[in-house]
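Here the structure comes first, spelled out in structure tokens, and everything after it is commentary.
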Amino acid sequence: MNYEEITTTIPGPGVSQDDWNDEFQGCDCETQCSIENQCSCMTGATDNYSEDGRIVATSLLIECSTNCACCLLPYSCRNKVVQNGIKKKLKIFSTSEKGDGVLAEEPIQNREFVCEYAGECIGDQEVKRRCEVFKEEDNYTLTLKEHFGEKEVKTFIDPRLRGNIGRFLNHSCDPNCEIFVVRLGRMIPIAAIFAKREISVGEELSYDYGVSGIDGDNRKLCLCRSENCRKYLPMSVSPIE
């Protein structure tokens, strides 16, 4: 299917410019950003990334942005990884059973950034509309679920019309990648794909699409061929679950 290539997630139907432009104030760091130096963009007990750019934090990960004082430093802030884009050589290829997929053309270390799952950030009504319009085709919409106290917040990212190489990663019940919720200086997050173990040259990249909300034998068969394969691909009860 034809789609427009983009490098990072952009606002789409159902997401207002006011919401998209709801940005954080930014840090006032005068040296390298870190927990030790009390960078305000780091909200956990550890730095977001190691010195060599591998992910350390696992929740509420906020990268520094153009609103931060560290932008004026003569060296690159190490709290900027996802926004710097894809650094690894990746290739789209045709699989024998699963359509297109993505493979690594160079080694990827555990916890290294692979790519963003870039697409349009859309509202729930637009998710439902697109599912109806494209009901005979595969559903690409990724739902990010976050919990703040008792409140659940969902963010919908759809690369169907505008996206990047991340849309071609297939599901595996024993994946070598995983998705993290990352904020690039604004409240609305994006989805970043990181390696969850060492990945060899020529290995297909995959992540777990999630827990299925539907049981039964009418679901699409999983073809990951892993030892712990769950037999069927995950399916949601509704488009916005």
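Placed from the backbone N, Cα and C atoms, the Cβ positions cover glycine too.
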Per Swiss-Prot: Zn(2+) 4 is bound by C222, C224, C229, and from C173, C177 the site also lists C173
Where does D100 (S-adenosyl-L-methionine binding site) sit by DSSP, helix, strand or coil? strand
Neighbourhood of C39 (Zn(2+) 1 binding site) by C-beta distance under 8 A, where only residues 6 or more apart in the same chain count: C27, C29, C33, C64, C70, N79
For C222 (Zn(2+) 4 binding site), which of these binding-site residues sit within 10 Å, Cα to Cα: C68, C77, K98, G99, R167, H171? K98, H171
